[in-house]
C-alpha cells in the first residue's frame, strides 16, 4: 500500500511514519507548510509548524529512509482555518481550529491530493483508533485516554476514514517516546505543542484584537446591570472566568462566568456558575461516521476538546441535531463541536449553534 505520512516534525507523526515503514508499506513523508512566512522557535514561538519543525520532519524521514517533501497549503489553510476562526469569533462563537484543519485540510485538501497522486491512505500521528464494524469503519477513542484525539476527528465521514491510518491508537504516549528514542529519532524528547499553531505565543485575545480591531462594549449581568466594559466581545468565550476585569464586584461575592457573547450589541453577559448550566443544545451541520440515527439516540456527548462526555439523548431533526442532557452541564460554547459517542465509538458530530440554559436552582 502507498501511504502518505503527514509529518509535523513531532514525535508522534515521526513514530507513526516509522510504523508504516515497518509494516512494509511504500511510505512518503510530507510536511505541510501552513504559513507563507515560516517562523522560528527561536523567536519565542511555542506552537508547531515552524522552520525547525520542517527540519525535524526531514531529519526523521532521513532516519527512516523515506522520500520527503514539503507541501505548501498556506493559502488553503488561511482561507479554511484562519479566516473561519476569525469569522466565528466575530460572531460570538468559539471555534476549534484543530478540528477545522482535520476536516478541511488534512483529510480533505491533503487527502484529495494524495489520492490523485496514487496514494492509498494518509497516515497521521493522531491518538485514535479505526476499527471495522458491522456497518463499515468505526472511529474509536485511543487507548491512552489522556492523549485521545477522537474529539477533533469527529468530523470525519466514512469515505475519509477509508483512507485514514492512525498507527498510534493502541499506544501510550510514554511508549511512543521510548520507541522514538530506540529508533534514534532526535524528536524523542521534543515537547508537545499545546498552542494554536498560528498563534504561537498563545495570546488569542491579542491575535483577535490585531485582526478584528477594537469594538468596545459593556459587560452586564443577566438582569442587564452594567458591571464593566471591554474592548472586544470576541475576546470572551462561554464559561470563561479569568480576565473579566469587572469594574463592579458581584454583590454576593461569588465568581462570575461568561454566559453569553453578543457581537451585534457588543455585550458580554456574565453570571454565577449556576446560571452557566445548560440542559441541552442544538447542533448544525451534522456529520455521521455511519448511518444517521432514525430514532432518538441514547449516547454520551463531549462538548469541548478536553472535557468529559455527558449522558444525553440525541435526535436528528432535519438538518439539525437536538441534544438533551440527562443532567445539566456547564461550559457549553456555541461554535465548539458536540461529538456523540457510544462507549468508545464516535457516532458523529455537529457544531453547537444554540444552548438551552437551565433554570437557576434546577
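Cβ atoms are placed via backbone N, Cα and C, with glycine included.
Quick caveat, the model's predicted, so the values are computed rather than measured.
According to Swiss-Prot, the features are:
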ACT_SITE  101  active site, nucleophile
ACT_SITE  197  active site, cysteine persulfide intermediate
BINDING   6, 7, 8, 9, 10, 11, 12, 13, 32, 125  ATP binding site
DISULFID  101-197  disulfide bond
SITE      126  site 'Interaction with tRNA'
SITE      336  site 'Interaction with tRNA'
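Swiss-Prot feature annotations superimposed on the structure.
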| residue | record | DSSP (3 states) |
| --- | --- | --- |
| 6 | ATP binding site | strand |
| 12 | ATP binding site | helix |
| 32 | ATP binding site | strand |
| 101 | active site, nucleophile | helix |
| 126 | site 'Interaction with tRNA' | coil |
| 197 | active site, cysteine persulfide intermediate | coil |
| 336 | site 'Interaction with tRNA' | coil |
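Highest local Cβ density among the recorded positions 8, 336 belongs to 336, counted as other Cβ atoms within 10 Å over all protein chains shown. Shown in sequence order, 12, 149, 152, 153, 166, 168, 169 are the residues of the chain, 6+ apart in sequence, with a C-beta less than 8 angstroms from the C-beta of residue 126 (site 'Interaction with tRNA').
Across the recorded positions listed here (6, 32, 101, 197), the residue whose Cβ sits among the most other Cβ atoms within 10 Å is 101. If you measure from the Cα atom of residue 6 (ATP binding site) to that of residue 336 (site 'Interaction with tRNA'), you get 25 Å. Nearest in space to residue 8 (ATP binding site), taking C-alpha to C-alpha distance over the recorded positions 101, 197, 336, is 197. Within 10 Å of the Cβ of residue 12 (ATP binding site) there are 25 other Cβ atoms, across all protein chains. Take 6, 7, 8, 9, 10, 11, 12, 13, 32, 125, the residues named in the record as contacts for ATP: the widest Cα to Cα gap among them comes to 16 Å.
Within 10 Å of the C-beta atom of residue 10 (ATP binding site) sit 21 other C-beta atoms, taking all shown protein chains into account.
Taking the C-alpha positions, the distance from residue 336 (site 'Interaction with tRNA') to residue 101 (active site, nucleophile) comes to 14 Å.
It is 12 Å from the Cα atom of residue 32 (ATP binding site) to that of residue 197 (active site, cysteine persulfide intermediate).
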